[in-house]
Structure formats: C-alpha cells, structure tokens
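Engineer: What follows is a structure written as structure tokens; I'll ask about it next.
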Amino acid sequence: MMDKYVKIRTVKAGFKNALSGLYWAFKTQINFKIHTLGLVIALSLALIFKINYYEWLILITVITGVLTLELVNTSLEQTTDAITEQYNKVIKQAKDVSAAAVLIYALYSLIIAALIFGPKLNELLN
C-alpha cells in the first residue's frame, strides 16, 4: 500500500515540476511567448473557419511540436549556461543547432498554417 502512495506522490510531484517549468518558460522566455501567441492565433483561426477533424489533428500536432522544441531548446540553453557562462565554441554550436531545430519546425508550422488557412482566407476575401 505504501508503494502505491509513494508512486502517486512522485507522479504528482512530476506534474507540479512540469507545470512549474512551463510557467517559468512563459514568464521568462520571449520566444516561448511568441510561439504561444502563434498558438492563440492558429486556434482562433481554426475556430473561426471551423476546420475539419484532420486539419485539427495536423494543427495540434504542429503547435505541440513547436512548443515542445522551444522548451527543449530552452532547457539546453539553461543547462549549458549552468555549466559555464564563458564562451565555449562547442556549447555555442550546440545552442545554435538546437535553435536551428526550432527555426526549421517553426517555418514548417507556418507552411502548414498557410496550407490550412490560405484557401479559407482566399475564399473569404474573394
């Protein structure tokens, strides 16, 4: 019985830590705020245009991917800054590659948004 209690406390603590990290990222990271704004815009457009089930699936997957990659990138930056704040070529390369991953996925998300919302906006304007 005690094992079950310990596991529940551990899971609860894990969720608390995850939410704390999410809150910290939103409060301190400008790029996370920008991606969150993108989320709000995309979800608003999705509701306005009443996108279909498959478009929702794709949109939610892309939004989740961008936010997740941004959190991983932030985690890498924080970890490397904790190791040393002095310039280190290898750390710079790691940070740059991590940021590039976010950039590529963010650009991909814009393409997906254009494919989903472009025709709907075009129809509305014409």
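Heads up, the Cβ atoms here are built off N, Cα and C, so glycines get one too.
Take a look at what TrEMBL says about it:
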{"type": "ACT_SITE", "residues": "GLU70", "note": "active site, proton acceptor"}
{"type": "BINDING", "residues": "GLU70", "note": "substrate binding site"}
{"type": "BINDING", "residues": "GLU77", "note": "divalent metal cation binding site"}
{"type": "BINDING", "residues": "GLU77, LYS95, ASP96", "note": "ATP binding site"}
{"type": "TRANSMEM", "residues": "32-51", "note": "transmembrane segment"}
{"type": "TRANSMEM", "residues": "57-76", "note": "transmembrane segment"}
{"type": "TRANSMEM", "residues": "97-117", "note": "transmembrane segment"}
Engineer: May I ask for the distance between ASP96 (ATP binding site) and GLU70 (active site, proton acceptor), taken between their Cα atoms and rounded to an integer number of Å?
Structural biologist: 13
Engineer: Measuring Cα to Cα, how many angstrom lie between LYS95 (ATP binding site) and GLU77 (divalent metal cation binding site)?
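Structural biologist: Counting only the Cα atoms, the answer is 6 Å.
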Engineer: Long-range same-chain neighbours of the residue listed as 'active site, proton acceptor', Cβ under 8 Å, sequence gap at least 6?
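Structural biologist: When sequence neighbours closer than 6 are ignored, the residue listed as 'active site, proton acceptor' has ALA25, GLN29, ASN31, PHE32, HIS35, VAL102 within Cβ distance under 8 Å.
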Engineer: In the same chain, who gets a Cβ under 8 Å from the transmembrane segment (32-51) while lying at least 6 residues past its ends?
Structural biologist: 25-26, 59, 63, 66-67, 70-71, 74, 106, 109, 113, 116-117, 120
Engineer: Of all the binding-site residues given, GLU77, ASP96, which has the fewest Cβ neighbours within 10 Å once its own Cβ is left out?
Structural biologist: ASP96
Engineer: Taking the centroid of the Cβ atoms of GLU77, LYS95, ASP96 (ATP site), which other same-chain residues have Cβ within 8 Å of it?
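Structural biologist: Neighbours found: ASN73, LEU76, THR80, ILE91, LYS92, ALA94, VAL97, SER98, ALA99.
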